[in-house]
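Right, one structure below, let's go through it.
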Amino acid sequence: MGARASVLSGGKLDAWEKIRLRPGGKKKYRLKHLVWASRELERFALNPGLLETPEGCLQIIEQIQPAIKTGTEELKSLFNLVAVLYCVHRKIDVKDTKEALDKIEEIQNKSQQKTQQAAADKEKDNKVSQNYPIVQNAQGQMVHQAISPRTLNAWVKVVEEKAFSPEVIPMFSALSEGATPQDLNAMLNTVGGHQAAMQMLKDTINEEAAEWDRVHPVHAGPIPPGQMREPRGSDIAGTTSTLQEQIAWMTGNPAIPVGDIYKRWIILGLNKIVRMYSPVSILDIKQGPKEPFRDYVDRFFKTLRAEQATQDVKNWMTETLLVQNANPDCKTILRALGQGASIEEMMTACQGVGGPSHKARVLAEAMSQVTNTNTAIMMQKGNFKGQRKFVKCFNCGKEGHIARNCRAPRKKGCWKCGREGHQMKDCTERQANFLGKIWPSSKGRPGNFLQSRPEPTAPPAESFGFGEEMTPSPKQEQLKDKEPPLASLRSLFGSDPLLQ
């Protein structure tokens, strides 16, 4: 314990024992607290010897401070103790732990300000460029660095590969950062093909230059000495201005960013070209039935980049059309998420749509719906028989059981004809038809067919007006009197006497 308590001695120890643990409290720091701090430092794999110097205490504070918010009470107590110990080493008069923490915070703020000031001074001393490619030389003069061939090559390769797709615009903006109108013209001149698109770009630049001249008219009178003339539209486009004038405008006070203005005109023309090369409207981007939602979102935002609209309109398109043009499966999920769902939440929710498990679930639901529909149709048409058909016993004649399970006395003989000596399966008695006769009949044709075919006879002569009327015979008159009301049906139930 003596080695651990040897952190303080003499006057420092007296000052240590006068500091209170809490403001207005009675308890004060003792040697046992130093012993506890040494053990805690060992537990946290820190060197307890750092407590003997103010520099070591600062190192401990810097090491522990980031973990204070999420640390335990022991860690916070250790931090407070080291802060008080630092004040004792520096002979800073504090009455309690809170004052020591305030002093530490004040010292850290001053140190941070000094560090930031030193970094700013160093950056200012080492600063070479204010607006690349306009750089400051060793004499403090602003000079121009020509755009590198590597940048030009990257731009040409993008145009050749992408052919003015929507991603060409951000690529041009990145490669032309801080460029002068002369640099921008160099980038445009390196484009060999797509001359129709380049002509459209020139027309847009000319229109914007004319609009600039209309909004910024030339002031009457001579230009004051030492002051530059105001740039015209053609000056901004780099056709009537020199490189030195462009640099002077861009670095003057007040500065006129002719490079950024010209760049904005070019991007406006590129938007029109992208629109021409990408004729697909955002309204036509719809998700296919088997297309993953991720691929659909990629196509949607790629087309959205080519839309000439404000950011508010694009946000509305994203919130409305992205859900509206999704396939039915994804649309159901997205509408369940509600308004204001982020793209991450949408993609997470629709991640499994279109996969095997989802297809199986959809197929099962569809089959279930078809089955329920068919059942309902059958019940409506009366084709669905809800009750079972009861069987009838051949032995007793009752329903509800079969002869094998019948408890009544077993009937003797054939169950079909009622005669003894054989069973029903060996019965030779044939089933009678609906006429009450056995079919087939040994007498020839069945009773519902004509038994004989009448020979055709010529019509009576009197029907044609030939000769005299024939007097009917007594036999025919007798048959006529006995003729039944429905003589035509007699052929169905026996021999027809008229045909014999």
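Backbone N, Cα and C define each Cβ position, glycine as well.
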Stretch carrying motif 'Nuclear localization signal' according to Swiss-Prot (options 26-32, 89-95, 96-102, 201-207):
26-32
Of the residue ranges 46-54, 217-225, 424-432, the one that Swiss-Prot records as region 'PPIA/CYPA-binding loop':
217-225
Annotated range (Swiss-Prot: region 'Interaction with host PPIA/CYPA and NUP153') out of 189-227, 228-266:
189-227
For the region 'PPIA/CYPA-binding loop' (217-225), what are the same-chain contacts with Cβ under 8 Å, counting residues 6+ beyond its ends?
232
Validating a neighbour-count step here. Other CB atoms within 10 A of the CB of Ser148 (phosphoserine): how many?
10
Mean per-residue pLDDT computed across the region 'Interaction with host CALM1' (8-43):
88
